[in-house]
Amino acid sequence: MINNKKIFIITGLSGAGKTKALQIFGDFGFYCVDNLPLALFEHFVDHLKNRKEENIALGVDIREGKDLKTLPKIIANIKKADFHVYTIFLDASDSKLVQRFSETKHKHPIQKKLIAAIAQERKQLEPLRNIADKEIDTTNLTLGELKEKLSKVLVCNLKKDSEMQISVLSFGFKHGIPLEADLVVDVRFLPNPYYQPKLKEKTGLDSPVAKYIMSFPEANEFLIKYLNMLKFLIPKYMKEGKSYLTIAIGCTGGKHRSVFIANALTKALSQSGFTVSEYHRDIKK
């Protein structure tokens, strides 16, 4: 039986971004565990054989102390069990590490003066750096840039559903703006099908309503312009590390105009290669 499970071991200097990296892996859909004692690694991996998770990220740091020297052998044993193992080592300049510790007020795991602690940690982690498959210098990286770098490392391993999840939501302003919305657009400038006797009881998912709305040039013009704006914005949000985006489309009651526009945008974004879900909050109210 072929084992498709992949284990990414994240390690590196304290303050270089291990915790943030694990959060990013979690956003990518990985099953993440931080600070699992190395003595339990092989038992944990054996346990994973019967779990559904295929992508796992494990955090390792200097707090493992003398046990760190066993990691190369542990990795070799895990590979023998047919797991795909990839080690990422995070580093940053001494000055940046000092700055980060100063900003966060965290104490270094090695109880010494900070500069001395960083120097000792570098020396102790050198064997791990030497076996790492990828080393990332986070000195000048924003969170979004770190995520972008990790994305490139994982590009061959990530599932489609670990990409940015886009939700297009229709709603009625009289029922309140959705709290989860990242972007809100008001389409009440479009003629309202509600005032057409034959359309009043229908919704924006019905063909007669769609035809009515699209009979007005401003509807098509809006769709084209807003879609182009979203195609511009979405990659920018992804670059900054955003994993979820909720686009809320509102009209008066949330039954006609917003539903049609939300449905049309969902189809267009999907055709453009984005992962999109659609939800009509107030369509039955």
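Placed from the backbone N, Cα and C atoms, the Cβ positions cover glycine too.
The ATP binding site annotation in Swiss-Prot covers G12, L13, S14, G15, A16, G17, K18, T19, and the record cites sequence analysis as its basis. Secondary structure at S14 (ATP binding site), taken from DSSP and collapsed to helix, strand or coil, is coil. Around S14 (ATP binding site), taking its Cβ as the centre, 23 other Cβ atoms fall within 10 Å, counting all chains.
Under the three-state DSSP scheme, D61 (GTP binding site) falls in the coil class. Around D61 (GTP binding site), the same-chain residues six or more apart in sequence whose CB sits under 8 Å from its CB are T11, G12, S14, K18, N35, P109, listed in sequence order. What Swiss-Prot records for D61, I62, R63, E64 is GTP binding site.
The separation of E64 (GTP binding site) from A16 (ATP binding site), Cα to Cα, is 17 Å.
Reduced to three states, the DSSP call for T19 (ATP binding site) is helix. Comparing T19 (ATP binding site) with I62 (GTP binding site), their Cα atoms are 13 Å apart once rounded.
Cα to Cα, R63 (GTP binding site) and G17 (ATP binding site) are separated by 15 Å. Relative to I62 (GTP binding site), the binding-site residues with Cα atoms inside 10 Å are L13, the candidates having been L13, G15, G17.
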